[in-house]
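Novice: The following feature annotations were taken from Swiss-Prot:
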- 61-100: repeat 'WD 1' (REPEAT)
- 103-142: repeat 'WD 2' (REPEAT)
- 151-192: repeat 'WD 3' (REPEAT)
- 194-236: repeat 'WD 4' (REPEAT)
- 237-276: repeat 'WD 5' (REPEAT)
- 278-320: repeat 'WD 6' (REPEAT)
- 323-352: repeat 'WD 7' (REPEAT)
């Protein structure tokens, strides 16, 4: 028995070293293709002009830290979730609250709007993803119509509907992502590969979007094929947890924001990191990132209460937006690109334009 154990250990060690040497060879091959940096290519591109954006609306109503938010496809409504256990649907034009749900747990870390605008999904420390249909009958009890869709073995960190109301993608502290059928609550596909908590995910922007990207506490960003459940690309250049990932509008690249105080851009076709957005003066982590509709700007919320706006091509900072009185936890550009909304630990959401 002892010799068997020894053989197993030797085999494992040799497999590990083989994997490491293959990794090294892959890195060498990747390095050969690195002929030019993005900012060098962008030198001939005209610089951006004067950039002015300010808070147009402040949404107040949460009794604790705002943890997540999402826009409705109608470009007007916003859903937000908070540490107070409440999920609120807002009209961003009038700042009125249209719906409010009290969850059975605090720390509602994830919320999402269904593509049809007729339902919302949310979850957090209850390890579940719950879907609530939205109706405008004021007497109807939303909680009674709740559907428990996803069950993880640890907290729910992110959720997103696919291109229909019928399927939902979740990320969890149990180190997995999963695809669920909303109607039956059945698990359709699970995605294993992260070595620690998965903190964020984003769906590829195409209509046939069969891939998504996830990031987590193992400092890895992974691109997944939803049909096979396999990881098709992985990027490991961050030095700390990845808090946010977001696809470039074309779907050919994605950005990430991390506790290492940098945001990074990864090109999927070049299979490598092509830009780092950082400054020596930025020492706090980036909690949330999103692109402008054109893809030229990257908005990033930080733990030092600011929002930095980066020129994606040139890698330079175009603007800093002040207003929040605590760390910015979530940030999303509206579907028509005319505004973006940020949520913060100061209990408020702000709409900027």
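Every residue, even glycine, has its Cβ placed from backbone N, Cα and C.
Situate these features within the shown structure.
Specialist: Long-range contacts of the repeat 'WD 1' (61-100) within the same chain, counting only residues at least 6 positions beyond its ends with a Cβ under 8 Å from a Cβ of the stretch, are 106-113, 115-117, 120, 122, 124, 132, 134, 142, 158, 326, 329-330, 332, 334-336, 338-339, 341, 343-345, 347-349, 351.
For the repeat 'WD 2' (103-142), the model gives a mean pLDDT of 92.
Counting only same-chain residues 6+ beyond the ends of the repeat 'WD 3' (151-192), those with a CB under 8 A from a CB of the stretch are 68, 107, 109-116, 118-119, 121-129, 131, 198-203, 207, 209, 212, 214, 216, 224, 226-227, 229, 231.
Counting residues per DSSP class in helix, strand and coil order gives 0 helix, 22 strand, 18 coil for the repeat 'WD 5' (237-276).
When Cβ-Cβ distances below 8 Å are used as the criterion, the repeat 'WD 6' (278-320) is approached by residues 38-39, 41-42, 45, 47-48, 51, 53, 240-241, 243-250, 255-263, 265, 326-333, 336-337, 340, 342, 344, 346, 352 of the same chain, each at least six residues removed from its ends.
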Novice: Could you tell me what the rest of the chain brings near the repeat 'WD 5' (237-276), counting residues at least six beyond its ends with Cβ under 8 Å?
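Specialist: Contacts with the repeat 'WD 5' (237-276): 30, 33-34, 37-39, 199-206, 209, 213-217, 219-221, 223, 282-291, 293-295, 298, 300-302, 310, 312, 315.
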Novice: Same chain only, please: residues at least 6 beyond the ends of the repeat 'WD 2' (103-142) with a C-beta under 8 Å from a C-beta of the stretch. Say none if there are none.
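Specialist: Tertiary neighbours of the repeat 'WD 2' (103-142) are 64, 67-74, 77, 79-87, 89, 148-161, 163-165, 168, 170-172, 180, 182.
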